[in-house]
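Here is the structure we will look at.
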Amino acid sequence: MSLLEFLSSVFGWIYFICWSLSFYPQSMLNLSRKSTSGTTVDFPLINCLGFLSYAISNYAFYYSPLIRAQYASRYHGLTPTVQFNDITFALHGLLLSIITTSQYLSPRLWSFTPSKGNKPSRFILGIILGCIVGVIFVIFIVLSSPERNDPSGGGHGWVWLDAIYAISYVKLIVTLIKYTPQVLVNYRNKSTKGWSIVQILLDFTGGVLSIGQQGIDSWLQGDWSGITGNPVKFALGNVSMMYDAVFITQHYVLYKGADGKDGGGGGAGWGRGGTRRGGSSRAVVEGCCLEAAGIYLVAAEMPWAGPLGQMEVRVVPFRDMVDLDGLEFG
């Protein structure tokens, strides 16, 4: 084994460790706070789809004789740059993403305080549906092609390699948009409270090493199709690092030390919010989380109700509580 081959292997396992460890800080932070406030379920939910597609495509590139033969035919006898640690990383990421997603979709299972970000956005649900429909469409095209099982690549026809590429592009699409909802949440809250910066630092380190490993592998083969032939892995590192730079700027520069608009935390405590009514008037709302009873006790003072205002008290079960700002009074 040459020095470059050794470095490629070392880079691969270190980026695997960094990226794998990056899945733990957020779920552990949620556990310590007993809340997912300040974050959104969109990120871990769409990660489940992304890592499922990444695991399937990596498995095919690494183990399938047909896919490897069609790849070699299309790229002048070269082999895919996927390694075993890519498969283990994808499976590990899928498992941790499922666990983290459950903290949002089943907060009572984890004894968490309900949070506004527990419901997936229509944008993310639309992306998930679009990706699934797109992959199914490509698979049907491949099934209708008489050259689909041709090890030589099928000439100009559709082969199973194209279906695997379609599946792998799902991970690329997910990576391109998965961080966007959290960037917007941080911007609206003017804070990164609740969002783990440790996972971002680990992700950034993994991105650098992932690109480094792919560059070394392509250099050793004497052909940069190791990158063009596996664009998903190359794009993963670059796109992730760009988003990481945004989060690092938000955390250490723009919103350094800011608590933001979200009260966060779990257990018993008071939060503030309300709904605008009557022009510039705003209800003064106090919400007390009574965790043992499984309810919020909400009191609202409404200044538009008269010279002395009006007080309304409401009991809201955890399962119906989204956010104090989402309640309407009067």
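Think of each number as a place in line: the chain as shown, counted from 1.
In case you wondered, yes, glycine gets a Cβ from its N, Cα and C as well.
According to TrEMBL, the feature transmembrane segment maps to 6-24 (among others). Beyond its flanks by at least six residues, the transmembrane segment (6-24) meets 83, 85-86, 88-89, 92-93, 96-97, 100, 198-200, 202-203, 205-210, 212-213, 216-217, 220 of its own chain at Cβ-Cβ distances under 8 Å.
For 45-62 (among others), the entry in TrEMBL reads transmembrane segment.
The transmembrane segment annotation in TrEMBL covers 82-102 (among others).
Residues or ranges marked as transmembrane segment by TrEMBL: 123-143 (among others).
Annotation comment: TrEMBL describes 163-180 (among others) as transmembrane segment. Long-range contacts of the transmembrane segment (163-180) within its own chain (CB-CB distance under 8 A, at least 6 residues past either end) are made by residues 42-43, 46-47, 49-51, 53-54, 56-57, 60-61, 67, 127, 131, 134-135, 138-139, 142, 231-232, 235-236, 239-240, 243, 246-247.
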